[in-house]
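Undergrad: Taken from Swiss-Prot, the feature N-linked glycosylation site covers 53, 74, 99, 279, 326, 376, and the record attributes it to sequence analysis. As annotated by Swiss-Prot, domain 'Thioredoxin' applies to 133-263, with the evidence given as sequence analysis. The active site, nucleophile annotation in Swiss-Prot covers 170. Positions annotated as transmembrane segment by Swiss-Prot, on the basis of sequence analysis: 442-462.
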């Protein structure tokens with residue numbers, strides 16, 4: 001057995017009786033300074049240990065989200081109707097997706113970007129429309145030509161006023177004209193405007209009555225609107241919306257639609273019967289947006305190759321006057337990749353202040369077609385996108401903290417001979433930025449901490465010894481002189 005006496009002999013820290021030690025004011029002051037300096041260096045070392053240390057590298061894109069990329073957007077068009085707003089995607093590989101509706105929502109807005117109705121569903125407006133057989137036979141005008149003055153008077157006089165807003169240069173308006181005039185004559189014979197007085201079919205030439213067409217937010221030709229009791233506005237759960245007809249444009253379909261509108265109305269009192277219910281004859285009537293603007297929001301999935309996201313007016317059975325199209329828009333949100341929660345993004349910005357500065361470059365910006373640009377103006381955005389990924393090596397394993405796509409944006413306006421559009425041209429970089437978080441080891445922190453405390457203690461002891469010996473030497477010299 002090892003005796004306690006022998007064990008004590010290896011003690012590195014032998015104690016000196018307190019009675020044999022001497023305290024001094026200089027030693028006390030130096031001890032206080034040393035203690036404060038230790039605390040300061042300890043705080044600095046702790047801050048350095050807790051600080052995120054990163055390395056940045058540029059590598060070939062190794063995205064975990066495959067060959068497709070998600071684009072989220074929320075864009076407001078003050079002068080583009082939801083009736084015709086279309087979201088299209090194309091790329092250099094030949095992909096062309098027109099009028100995407102599955103992941104896109106449209107809401108009518110006013111010129112001040114305020115919502116004016118519920119979500120607009122354009123399914124009925126986009127089916128293949130039957131115009132009947134083309135014929136060169138001319139029919140007598142059955143529909144009444146309307147002007148701004150006569151429109152107001154007749155819309156207040158007839159319970160039902162069905163109006164065809166058209167343009168003479170429009171191919172689809174000319175296709176509709178024979179069927180429309182024939183149907184108008186049939187309706188006039190069945191429901192005499194003077195004797196019956198329940199319904200009237202009219203025409204508005206938008207080249208001669210542009211103010212009337214603009215007031216009714218006509219953007220595509222022909223547009224068939226139904227006006228009830230002096231106004232095309234109907235109350236529906238707090239939202240005012242007008243009715244538009246999107247059905248077939250042959251004579252029989254138009255007559256059937258009008259008869260379905262007239263059926264619930266009493267011929268003498270011109271009041272809607274209490275048991276009047278909608279039926280299949282009016283199934284192609286749809287409440288349209290009351291204002292001429294539209295907020296388009298949602299997302300699309302695109303291939304990771306250069307491509308275009310295009311928002312424009314589109315219809316397979318309407319024509320548009322390109323000189324009157326205004327593609328001004330305000331971008332509320334536009335981003336690439338999966339949506340990042342605000343909390344996660346806030347945490348990452350706290351750790352990495354330079355992260356997330358360019359993932360929403362277009363957000364909150366307005367692109368307005370000023371008058372000096374003239375007509376037929378397309379607004380283009382050129383977006384160059386690069387992926388940034390942050391990974392950590394804590395707990396001995398490497399895992400991804402966040403993935404985001406940042407982009408630069410350059411915008412311009414250009415006059416075109418074609419229909420104006422809002423185009424977002426995106427080009428993805430084949431490289432990605434990899435930010436690696438390298439945590440410091442706890443053993444390294446403890447080692448530095450011991451070095452700091454021990455070093456300060458030792459240096460303070462040396463300084464105290466030098467000062468004490470110097471004072472003693474000075475006293476001895478003074479004592480020798482006195483002798």
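Note: Cβ is positioned from N, Cα and C throughout, glycine not excepted.
Since we're looking at a predicted model, the values are computed, not measured.
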Undergrad: Measuring Cα to Cα, how many Å separate residue 53 (N-linked glycosylation site) from residue 376 (N-linked glycosylation site)?
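TA: Here the two Cα atoms are 53 Å apart.
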Undergrad: Mind checking how the domain 'Thioredoxin' (133-263) divides into helix, strand and coil residues in DSSP?
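TA: Final tally across the stretch: 48 helix, 34 strand, 49 coil.
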Undergrad: Residues of the same chain, at least six outside the transmembrane segment (442-462), with any C-beta under 8 angstroms of its C-beta?
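TA: For the transmembrane segment (442-462), the nonlocal Cβ contacts are 30-31, 33-34, 37-38, 41-42, 45-46, 49.
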Undergrad: Measuring Cα to Cα, how many Å separate residue 326 (N-linked glycosylation site) from the residue listed as 'active site, nucleophile'?
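TA: That comes out at 19 Å between the alpha carbons.
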Undergrad: Looking only at C-alpha atoms, tell me how far residue 99 (N-linked glycosylation site) is from residue 376 (N-linked glycosylation site), rounded to the nearest Å.
TA: 21
Undergrad: Rounded to an integer, what is the Cα-Cα distance in Å between residue 376 (N-linked glycosylation site) and the residue listed as 'active site, nucleophile'?
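TA: Spelling it out, the Cα of residue 376 (N-linked glycosylation site) and the Cα of the residue listed as 'active site, nucleophile' are 17 Å apart.
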Undergrad: To the nearest whole angstrom, state the Cα distance for the pair residue 74 (N-linked glycosylation site) and the residue listed as 'active site, nucleophile'.
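TA: That comes out at 32 Å between the alpha carbons.
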Undergrad: Over all shown protein chains, what is the count of other CB atoms within 10 A of the CB belonging to residue 74 (N-linked glycosylation site)?
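TA: Around the Cβ of residue 74 (N-linked glycosylation site), 17 other Cβ atoms lie within 10 Å.
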Undergrad: With an 8 Å cut-off on Cβ-Cβ distance and a minimum sequence separation of at least 6, pull the same-chain contacts of residue 170 (active site, nucleophile), or say none.
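TA: Once residues fewer than 6 apart are set aside, residue 170 (active site, nucleophile) is near 221, 222, 319.
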Undergrad: Translate the DSSP assignment of residue 376 (N-linked glycosylation site) into the three-state scheme.
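TA: It is coil.
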Undergrad: Taking the domain 'Thioredoxin' (133-263) alone, what is its mean pLDDT?
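TA: When the pLDDT values over the domain 'Thioredoxin' (133-263) are averaged, the result is 84.
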Undergrad: Just how many other Cβ atoms lie inside 10 Å of the Cβ on residue 376 (N-linked glycosylation site)?
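TA: Residue 376 (N-linked glycosylation site) is surrounded by 16 other Cβ atoms within 10 Å.
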Undergrad: Going by DSSP, is residue 74 (N-linked glycosylation site) sitting in a helix, a strand, or coil?
TA: strand
Undergrad: When you measure from the Cβ of residue 326 (N-linked glycosylation site), how many other Cβ atoms are you left with inside 10 Å?
TA: 16
Undergrad: Taking the Cβ of each of the glycosylation sites and counting other Cβ atoms inside 10 Å, which one has the highest number: 53, 99?
TA: 99
